[in-house]
Every structure is written in structure tokens, then in C-alpha cells.
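Sharing a structure, written as C-alpha cells. Questions coming.
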């Protein structure tokens with residue numbers, strides 16, 4: 001039994017009023033034993049390691065509820081285009097040339113960036129997901145993985161079989177750090193029959209579904225022309241909802257769509273920076289939350305963002321809603337919930353997202369001894385409106401330190417950067 005005592009300012013995300021200016025966290029192996037004010041440790045708790053961070057705020061690790069990690073290979077390759085031309089003329093042709101090894105290295109780069117910016121868990125959708133799983137296991141992070149399924153593509157059936165194998169081979173791997181979902185891409189790339197088969201298989205294997213929904217006005221138009229319904233109404237009619245479904249984007253929702261989401265307990269992954277960059281629109285997040293819909297926060301891939309900084313995503317999420325809905329929309333603490341506890345709920349993870357006894361020791365520390373954090377009137381406001389990726393000092397997952405004093409412990413990031421540069425440029429030159 002290895003025991004760690006952390007002394008720091010602690011924001012446990014267990015409630016808006018819960019904050020310990022001089023706090024302590026006790027950890028045994030991969031679990032949190034106690035959280036509280038200085039002196040909370042029981043006399044029987046004798047730590048093997050003490051980590052003193054008096055000027056840091058320690059909080060739960062951030063949870064990225066929608067990304068395509070290996071798309072670091074395409075960062076800044078295709079910018080300033082709307083979604084469909086961007087996909088059809090740039091992204092998909094590049095991805096067709098990517099090898100398994102390219103996806104492995106691209107994912108490792110993403111995980112290095114995530115760790116350095118305080119993200120400890122991601123929900124990923126891509127191809128060659130065994131390579132993604134390999135990278136997650138090496139990096140030490142937590143990952144919910146889904147094989148992207150374009151049912152209308154020639155390789156749709158093969159990809160479906162790969163997703164089934166992914167569940168069988170990796171669901172629960174890494175002492176539970178890896179979970180698996182099915183990843184049908186979107187209603188406009190998968191037939192109704194294909195989506196129903198995905199749902200049937202997901203139910204049989206006891207896993208969730210991760211899908212893009214109502215991202216653009218073009219998607220709404222296409223689905224209405226094909227089926228006479230909105231994408232949300234169409235998916236409900238198909239029976240896709242009912243289990244654990246994570247719907248990414250959900251920008252263009254009618255009142256009826258929102259009610260369907262609430263009644264079916266669909267979880268939403270909100271990606272404000274990607275939605276702004278691709279001119280997709282502004283999702284009705286306050287309205288969804290008011291209906292009881294659980295909303296997590298995601299970055300999307302780096303080719304539509306173009307980074308994986310969840311602190312930047314929190315700031316953008318708040319500012320976008322305030323611009324459209326008013327200054328009181330989406331207060332700072334609610335945004336923090338989306339990036340932590342509600343992110344965990346979105347992914348179906350019941351022992352991460354807050355710092356509390358019995359929960360996994362997934363946490364980060366942010367160096368608050370910097371000019372932009374003074375005066376300290378509101379810690380939640382500083383984390384959402386002020387903090388950035390470079391402020392993260394320490395990252396821990398399952399009680400293991402993945403970054404200390406901004407030094408990555410599990411990834412040779414310089415080597416990874418060189419590999420990705422060489423591989424990405426080689427693919428681009430061949431197109």
C-alpha cells in the first residue's frame with residue numbers, strides 16, 4: 001500500500017461552496033482516502049510521500065468528452081473552411097493515407113498535450129483504435145475509445161467488426177483505465193439499418209454509443225430531405241437512444257429535440273471552439289441543462305480547434321453563451337462542472353470527476369503563484385476565465401504522477417514531436 005499526502009489549496013468539485021484554502025488529500029494506491037482542511041489526516045495515516053503545493057490549486061483532472069486524438073497529425077493542415085468541404089476535400093483524403101503507426105504517434109502527441117494541459121480522461125473516436133489503446137496504456141491516462149464507423153463507406157462492415165473486437169480486447173484494460181463504446185459517425189454517414197445494428201450490438205456487449213448529432217444546418221437539411229425529421233427525431237425513431245449515448249455537438253436543436261434528449265437521458269459533448277471555427281453555430285447549452293440534460297465539454301480534434309487545451313475550451317464555452325444569451329449565462333462553476341463531474345457522468349465513469357473518498361486519484365495542480373491569479377477573489381472564476389494550459393504543474397492518474405513540475409514522466413515528447421512532424425509532412429507531400 002503506497003500512501004501519498006498532498007497539501008495544497010483544494011477545489012474538490014463536490015459543491016459550489018466546497019474549497020479548502022489550506023487543504024489536504026490522502027491517497028492510498030489509486031484511490032482517495034480523505035479530502036479536507038489541514039489536519040484532516042487520521043493519526044493512522046502515515047504517508048510514504050508528501051507533496052507540498054501551498055501555492056497550487058488541486059482539482060479533479062479535466063475530462064475531454066469528444067475528440068479525435070490522432071488528428072494532431074492534421075493540425076493546421078486545413079483551416080478556414082466550412083465543415084463539409086473541410087471533410088471531403090482535405091481531412092478524409094489525408095486520413096486515407098494514415099497508417100496504424102501514424103495513428104499511434106499522433107495519439108501519443110495528443111496525450112502529451114492533454115497531460116500538459118491538465119486533461120486526464122478523453123472520449124476518442126477514430127480508426128486503428130488498438131493503436132490508440134496502446135498509446136493510452138503507455139501514457140497512463142484514462143480513455144473511453146470508440147471506433148469511428150462510417151456505415152456508408154466501403155469499409156463500413158470491416159470497421160464495425162473492428163469496434164466489436166475493440167470491446168472484446170480492451171474494455172476494462174489497464175486496470176479499468178480503458179473503456180470502449182461504439183462510434184457511428186453521424187446520421188448522414190450511416191443508414192438507419194446500420195445504426196440499428198450498432199445499437200443492438202452495443203446493448204449485447206453492454207457498452208455505450210458515441211455519435212455526432214445536429215452539428216450543422218446542412219446536416220439538418222440533409223436528414224429532413226431524406227427522412228422528413230430532424231436528426232434527433234430520426235435517431236429516436238430508430239431506437240438508438242435508451243442506453244448510454246453521448247451525442248457530440250448538438251448545435252441545431254428544436255424545442256422538441258431538446259425534450260427528446262432530456263426524456264431519453266442522452267448525454268451531450270459540447271465543443272464550442274470547433275463549432276465557432278467551423279461556423280457551425282452555438283449550441284443551446286443553458287436550455288439543455290435547465291431540462292436536466294447532462295452536458296460535458298470537449299475540444300473536438302486539433303484540425304478544427306486547433307489545440308486540446310480544456311482551460312481554453314472552458315473560457316470559450318462561457319464567453320460564447322454570454323455573447324448569445326446574456327452575461328449571466330453559464331457561470332464559472334457550472335463550466336467547471338462540465339469539464340469535471342459532468343464530464344465523468346457523460347462518459348459513464350462513476351469514480352472520477354470529483355475529489356472525494358473512494359474516488360480515483362485523478363487530479364491536477366495549477367500554479368496560482370503568478371501575476372494573472374492575483375487578487376484571488378474567486379478560484380472558480382480564475383480557473384475558467386484566467387487559467388491556461390501552461391499553468392498546470394502536476395498531473396496524476398490512478399495515484400501515479402504523469403507530470404511533475406511540467407515534466408512529462410511517461411512520454412518522450414521530443415521524440416514524439418519529431419516523429420509526427422516527419423510523418424505528417426510525408427503524407428501531405430504525397431497528396
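For all residues, glycine too, the Cβ spot is worked out from N, Cα and C.
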Which of these, 300, 309, 342, 351, does TrEMBL list as part of the Zn(2+) site with 66, 68, 212?
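Between 300, 309, 342, 351, TrEMBL records just one in the Zn(2+) site with 66, 68, 212, namely 300.
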Taking only C-alpha atoms and a 10 A limit, tell me which of 95, 147, 185 are near residue 212 (Zn(2+) binding site). These are the binding-site residues.
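Taking 95, 147, 185 one by one, the ones whose Cα falls within 10 Å of residue 212 (Zn(2+) binding site) are 185.
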Given the binding-site residues 66, 68, and counting only Cβ atoms in the protein chains shown, which has the most within 10 Å of its Cβ?
66
With an 8 Å cut-off on Cβ distance to the 66, 68, 212, 300 Cβ center, who else from the chain surrounds the Zn(2+) site?
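Along the chain, the qualifying residues are 67, 125, 248, 249, 269, 271, 274, 298, 301, 304.
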If you measure every Cα to Cα pair among 95, 147, 185, 215, 300, the residues listed for substrate, what is the largest value in Å?
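With 95, 147, 185, 215, 300 as the binding residues for substrate, the largest Cα distance is 21 Å.
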Helix, strand or coil at residue 147 (substrate binding site), per DSSP?
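Reduced to three states, the DSSP call for residue 147 (substrate binding site) is strand.
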If you skip the near sequence neighbours and keep only those at least six away, which residues in the chain come within under 8 angstroms of residue 215 (substrate binding site), Cβ to Cβ?
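When sequence neighbours closer than 6 are ignored, residue 215 (substrate binding site) has 83, 186, 248, 249, 250, 251, 252, 275, 280 within Cβ distance under 8 Å.
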